[in-house]
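Peer 1: Okay, these came from Swiss-Prot:
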type     : residues : note
ACT_SITE : Ser118   : active site, schiff-base intermediate with substrate
MOD_RES  : Ser118   : pyruvic acid (Ser)
ACT_SITE : His123   : active site, proton acceptor
ACT_SITE : Cys146   : active site, proton donor
Amino acid sequence: MEQKTEHNVTLHGFNNLTKSLSFNMYDICYTKTKEEREAYIEYIDEQYNAERLTSILKNVSDIIGAHVLNVAKQDYVPQGASVTFLVSEGPVVEVPTESYEESPGPLPENVVLQLDKSHITVHTYPEYHPTEGISTFRADIDVSTCGEISPLKALNYLIRSFDTDLMTIDYKVRGFTRDIHGYKLFIDHDISSIQNYIPEEIKELFHMIDVNVYQDNIFHTKCKRREFDLNNYLFGYTKDRLTPEEQEDITKQLQIEMDEIYYGKNFVN
């Protein structure tokens, strides 16, 4: 079977490239007491339970045009959840032109594409500092597609689905496909930065750093929210209940925590 890409390259057989998107989001909260910590974890567990995560992944599968074969979901005790979608792989029925462009993807109500893919997974990880008042929640979503549609088209929707303070986004293309002359193609679309798939109104909210290895088709972007409002990091009360000294101390703790996650290293021994 022959296929044509947007660049008028006729492929030998199906497009065998595997494109993988890893989206990691973090929510940070200050929980001074054991009761506050337990209440926060309970809230997060309810907010991002397996049922809601399943709904999010269903919309992701619609955006990338995947046909869902099986869904496995689990809420864990004492906390956490995971969902895995097994989706079929197969030939491209129709590929829209915008699938090749470096631009934010659609939201679920705008999706009409029919296409088969491979797998989508999500896992959640609530945790807290053993002695200080920091609690964090991490959600990891992995979208892997085989064919012409890039999972980066789901990124716009994923960012909007979570209330996030920090994000780490990785994208890679693996394998190769051939044209009718046997020439190998290791990537079938132009990409200079993951940021090109994020809408401007979202980019304005975050500091962003790229670390890309173009020759290996590896792209990495990390994001940290620009504005800091202490009220957004307190659970169940506002900063009015705190003294100026307490506000300053908590703000410092939270900002160090976020900087350590953002830069991937410890700043405090």
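Glycine residues also receive a Cβ, built from the backbone N, Cα and C atoms like all the rest.
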Peer 1: How long is the line from the C-alpha of the residue listed as 'active site, schiff-base intermediate with substrate' to the C-alpha of Cys146 (active site, proton donor), rounded to the nearest angstrom?
Peer 2: 6
Peer 1: What is the interatomic distance between the Cα atoms of Cys146 (active site, proton donor) and the residue listed as 'active site, proton acceptor', given in whole Å?
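Peer 2: Counting only the Cα atoms, the answer is 22 Å.
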Peer 1: With a 10 Å radius around each C-beta, find which of these active-site residues (Ser118, His123, Cys146) has the fewest other C-beta atoms nearby.
Peer 2: His123
